């Protein structure tokens, strides 16, 4: 099987320890960077309990969502399992979902790496 498929990944965050999230964030992003650069990860970001009312308000993160281009679910899970958020206990891996997905369109083949401050 050489064809790559789309996979939508959602991993709940253990919200009780956002300090661990903050401490592991740089390593988490460093782990994702080569996969973003080679097109394996198409997008990634947090889901929120609600949008902040003011720019200075903190975001309440509920999960991480990513779209992968990979051959198998096992390939996706192998990449995810090596992320710093797993070791730090930020992600609730027992409730992680890796679902087959079909992206309707791609805006660009150009890959950009952009991170927001949270």
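Every residue, even glycine, has its Cβ placed from backbone N, Cα and C.
Going by TrEMBL, these are the annotated features:
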- 21-92: domain 'YCII-related' (DOMAIN)
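Across the domain 'YCII-related' (21-92), the DSSP tally of helix, strand and coil residues reads 30 helix, 19 strand, 23 coil.
Looking only at the domain 'YCII-related' (21-92), the predicted model's pLDDT averages out at 94.
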